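Novice: Reproduced below are the annotations present in TrEMBL:
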type	residues	note
ACT_SITE	CYS168	active site, glycyl thioester intermediate
BINDING	CYS153, CYS156, CYS432, CYS435	Zn(2+) binding site
COMPBIAS	564-576	compositional bias 'Polar residues'
COMPBIAS	624-636	compositional bias 'Acidic residues'
DOMAIN	442-541	domain 'Ubiquitin/SUMO-activating enzyme ubiquitin-like'
REGION	540-585	region 'Disordered'
REGION	600-651	region 'Disordered'
Amino acid sequence: MASEQQLSAIKGAKVLMVGAGGIGCELLKSLALSGFQDIHIIDMDTIEVSNLNRQFLFRKSHVGQSKAKVARDAVLRFRPHISITPYHANVKDSDFNVDFFKQFNVVLNGLDNLDARRHVNRLCLAGGVPLIESGTTGFLGQVTVHIKGKTECYECQPKPAPKSYPVCTITSTPSKFVHCIVWAKDLLFAKLFGDKNQDNDLNVRSSDATSSSEHAEDVFERKKDEDIEQYGRRIYDHVFGYNIEVALSNEETWKNRARPKPLYIRDVLPIELIQQNGNADKSFVADDSSSVSAMASLGLKNPQDIWSLRENSRVFFEALRLFFVKREKEIGNLSFDKDDQLAVEFVTAAANIRAASFGIPLHSLFEAKGIAGNIVHAVATTNAIIAGLIVIEAIKVLQNDANNYRMTYCLEHPSRKMLLMPVEPFEPNKSCYVCSETPLLLEVNTSRSKLRDFVEKIVKAKLGMSFPLVMHGSALLYEVGDDLEKDMVANYEANLEKVSMAHVIVLSELPSPVSGGTILTVEDLQQELSCNINIKHREDFDEEKEPDGMVLSGWTKEKDKTTSTENGASTSNASEAVSLETKEDSDIEICPIGIESITTGTKRKLPEMSDATIPDSSKNELHEIDDDDDGDDLFMLDDGNSDGSKKKRLQ
């Protein structure tokens, strides 16, 4: 039973929930049943059929409606006397500024992406509002408490960027199924169905074209009067046959690698079977483009079956045919979506055919979808546990019970017979550029890079600023905002990519030149965040490992002196503890781009269990894609010093 003090804090609180999905539904229910009287919810999503297995406030009749509004209506049925205010909107909208956040006693996050989490973290810091973060991935979950000036903010520990792969590995020397998926999704699918003008690393020259011919035709262009069957055979032979032969021509590449086998359609699938494609299931009818399926058309039932090379080839042709017959208007504007059944079928088939060529084991559609969308399945029970823990921490925050704040991890495998692992929060990281004043360092070729490169690749992509302002001393180089005059907008846009006498003006040639030693100030007016960036000129960058031509650093884990345990033994070699930056998504769990790992040498102390740590069995379950190739993985963000270090606990 709650005490009188707790009930008073609960009833007088004004709470903001961000996210009404898997965690959000459980959280809203728990808040209402715990006695909270004034709850506000922000969520931009609408309900999908795939949400219904675990987002229990929704029913099939609600599909297509606002999650925030339907969740409110559902809870008011059993708690009619409380106030719930829904917002069907993006939390990054300008309406939800610092002043909006200041009206709440606590903010509870149930978000599914790093960008929005960072945004909410910054608004809470600017407004001095306590934030409780959360996330789940399968059986794993976590709840963390963030109080300005007292605990780490959400961004005190750098979050690894999404894993990407060198172009040469994807296009020429795949060794894992994930390489085939990336090739099928980001290159082949994009080339066939996406923007034709986009850069693409696929070899588009046919075997008839000479390498010296600048005007050789693009083999992916469908010829006039060419039927879909002929077009499909030509694409198949080019990407799985001719391109492999081109790769094999470089003997040096295959000295220490298994040679791939070129695949031509005549050797895999008789022409009669291609012509029969789509006729296997005569009863199949799909007028709704969203329900079009090559599997249904071919009579393939089980997505967990691993198709043979012949079956994959049939799915490849049927999916291609259905895109042109049923969804022709979308071609040219499509991008891969894990919820697009036909797109998943095409990518699975194409990846498996390529895998067969390179001697890589084939995978089922179920497995391929998981890899392509970087996903694991959600567990409703984990969401419920995490929602309950959020409410517990929220009550502590409302009572100012700082000594009892806990970051709690939900484990898949018990440690010391504990499935819930509470640890004490840490003090803010003094090197965090978000909640401290520590400057960052940017290595860049100031004689080659433009202001646009800096704004797009660093300020927006790396620092997550939505409405940035860039200053050099008192000179304003760039600003964005809804209240700017048109001539000012035009002037700042010109600065991004200035041209003078047919010469592109780079950073060092701006009206206020940017060179080595320059300090740029970057602000986001909506987030009320400001940081300084020291510029260091650097001539050359590794195109594979540093594709942006810029390296941002200085955002590191805080170092403190090594302390000792009660028995006097050093804890400098303490076991790792893992922090799960996780996300609950619409129908399946997406492994996040923000998986935080506290490296060796760091130990979060448990109450009365100072030597307990999170077990090894839970450490590696959240990595987006396991890849062991040395030097073959690119991380697009320099996280600074990765050495383990001691961190100070909140006293």
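Yeah, the Cβs are placed from backbone N, Cα and C, and that goes for glycine too.
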Novice: Could you tell me the C-alpha distance between CYS432 (Zn(2+) binding site) and CYS168 (active site, glycyl thioester intermediate) in angstrom, no decimals?
Specialist: 35
Novice: Far apart in sequence but close in space: which same-chain residues, 6 or more away, have a Cβ under 8 Å from CYS153 (Zn(2+) binding site)?
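Specialist: Residues satisfying the criterion: ASN121, LEU125, HIS146, PRO428, CYS432, VAL434, CYS435.
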Novice: Rank the binding-site residues CYS156, CYS432 by the number of other Cβ atoms within 10 Å of each Cβ and report the first-ranked residue.
Specialist: CYS156
Novice: What is the total of other Cβ atoms whose distance to the Cβ of the residue listed as 'active site, glycyl thioester intermediate' is within 10 Å?
Specialist: 12
Novice: Residues near the Zn(2+) site, CYS153, CYS156, CYS432, CYS435 excluded, by Cβ within 8 Å of the Cβ center?
Specialist: LEU125, GLU152, TYR154, GLU155, PRO428, ASN429, VAL434, SER436
Novice: If one measures from the C-alpha of CYS168 (active site, glycyl thioester intermediate) to the C-alpha of CYS156 (Zn(2+) binding site), what distance in angstrom results, rounded to a whole number?
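Specialist: Cα-Cα, rounded: 35 Å.
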Novice: CB neighbours of CYS435 (Zn(2+) binding site) within 10 A?
Specialist: 22
